[in-house]
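Enquirer: Look at Swiss-Prot and you will find 59-193, 203-222 tagged as region 'Disordered'. Feature annotation from Swiss-Prot assigns compositional bias 'Pro residues' to 70-85, 121-132, 160-186. Under the heading compositional bias 'Basic and acidic residues', Swiss-Prot lists 93-109. Sequence annotations record features per position, and here Swiss-Prot assigns compositional bias 'Low complexity' to 133-143. The region 'Basic motif' annotation in Swiss-Prot covers 230-243. Look at Swiss-Prot and you will find 230-282 tagged as domain 'bHLH'. According to Swiss-Prot, the region 'Helix-loop-helix motif' annotation covers 244-282, on the basis of sequence analysis.
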Amino acid sequence: MKHIPVLEDGPWKTVCVKELNGLKKLKRKGKEPARRANGYKTFRLDLEAPEPRAVATNGLRDRTHRLQPVPVPVPVPVPVAPAVPPRGGTDTAGERGGSRAPEVSDARKRCFALGAVGPGLPTPPPPPPPAPQSQAPGGPEAQPFREPGLRPRILLCAPPARPAPSAPPAPPAPPESTVRPAPPTRPGESSYSSISHVIYNNHQDSSASPRKRPGEATAASSEIKALQQTRRLLANARERTRVHTISAAFEALRKQVPCYSYGQKLSKLAILRIACNYILSLARLADLDYSADHSNLSFSECVQRCTRTLQAEGRAKKRKE
């Protein structure tokens with residue numbers, strides 16, 4: 001920070017007391033971030049131009065110019081809202097006399113109320129002090145001296161418009177045979193849209209595949225039933241033929257074995273036992289032994305076995321009757 005020279009006693013002290021109506025301290029505004037009022041950025045813009053006729057009273061303004069830091073120029077955007085014209089226009093040499101001395105000390109505290117620019121807007125805070133020359137990106141460029149008579153203009157610029165979110169591209173239409181996926185839903189939509197979409201797709205798929213007519217379904221079912229019935233009839237016929245063949249063979253064997261009468265009904269098991277004993281009896285007559293254990297039975301024993309088998313079969317028939 002630059003060193004401020006100390007004022008010497010003499011005419012300077014008298015002039016300062018007269019011009020400022022007493023000793024006052026010049027306060028520097030603190031740094032505060034710029035605020036937004038109803039979505040608009042507010043900032044101060046200095047449109048003052050230096051006047052060559054402005055002469056400091058007894059060197060006071062020259063010293064004020066030396067003590068004021070040099071701010072960096074800011075690019076000026078195109079104003080949107082109309083700015084309030086400065087009050088009182090430009091100052092003349094006569095108006096800068098003793099009557100405007102109180103305004104010299106309070107020049108840095110002046111700002112317009114936003115109520116005059118737009119109703120309902122809050123009063124903007126004072127702008128932060130400009131950055132020092134060592135941190136200024138634009139280099140040490142001198143700004144014209146600010147006249148205390150001229151007042152800054154407050155411009156309102158609309159906030160930058162946000163880009164609208166682009167809609168997602170529609171998925172390509174798949175063939176009707178495949179299942180159609182549900183379209184991507186936005187966060188605000190409910191789950192009922194996806195459910196209705198799935199139901200609608202299923203309805204379209206079912207309508208795309210034609211159903212069988214009632215007449216065709218009846219004809220197909222009747223054909224199936226007829227085929228099954230034919231197969232059952234063929235199986236029954238084969239079983240019947242087998243049973244009839246076996247029954248005929250046992251009947252022929254029964255006629256060859258001895259029995260009480262030819263009209264006597266014998267079971268297949270009884271017919272087989274009588275036939276075995278009858279064969280053993282005939283073998284004993286020929287002096288042959290066909291027995292399983294080679295017991296060498298006599299002819300009378302073989303006849304008794306046949307008799308016992310016929311009697312047991314007769315008793316069984318009587319019990320059944």
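Just so you know, the numbers here start at 1 and follow the chain as drawn.
Glycine is no exception: its Cβ is also placed from the backbone N, Cα and C atoms.
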Enquirer: Cβ under 8 Å to the region 'Basic motif' (230-243), counting only same-chain residues 6 or more beyond its ends: which ones?
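Expert: Tertiary neighbours of the region 'Basic motif' (230-243) are none.
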Enquirer: Which value does the mean pLDDT take for the region 'Helix-loop-helix motif' (244-282) in this predicted structure?
Expert: 86
